[in-house]
């Protein structure tokens, strides 16, 4: 009878089908998309290139020290200095050394600054690059020691110094030992200056606190990346102190340029060439 005739269908286990669908679901790699803090557009990260610049508004995303090094100096010209220095915990601050280890694994750096010797379009230079990804680029004893030695070696070798700043200020976990670095670096910087050698600073986002109050603003020529946050105290602290509302662009690179604190704002994709031009202009070869 037709009633008992085998029907033309197959049985589907809904749980198994769901599991198969989940296994076939494409995985999206991390860091494929980013949102621009300036124009608020969602960007495909490959659009930004190695310089990590928004193609729509020109905003420069924060980049690490190794990324910065790769787009600034000549290939295979960098020689790392003082990577053997080890961070101590003078105040026995809870969890401090564990945090240092975690940051070292995350960034591939030994501390919040990378220092060494390299060439930029064939011109020898002592270079320091701070990394805000390493405890906000805060300045502790090792950061201070590495930058001090950078200036001392540059003075001995008669090299110009280029430093890319990116910092939240002094490292609170080291207390007064951190604050001491400001004076120590400034003394080495002054000896480099008395030797008649060039010092260029590039202020990047963010450059604040004790770094701003010491070597960041002491450059013979001070460059900055567009829209970088540059200042000493925080905006809220200043407003509460002076009891006035600050302009919207206060502590931005453009505001500082307008008020004479910065010599020039240079887009990241033009920085390498601008540094090369300045180094050549201030070298002996530049006067021949």
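Quick reminder: no glycine exception, Cβ is built from N, Cα and C everywhere.
Looking at the stretches 36-57, 58-79, the one that Swiss-Prot records under the feature zinc finger is 36-57. For the zinc finger (36-57), DSSP puts the residue distribution at 4 helix, 4 strand, 14 coil. With respect to Cβ neighbours within 10 Å, the binding-site residues 36, 39, 54 differ, and 39 shows the lowest count.
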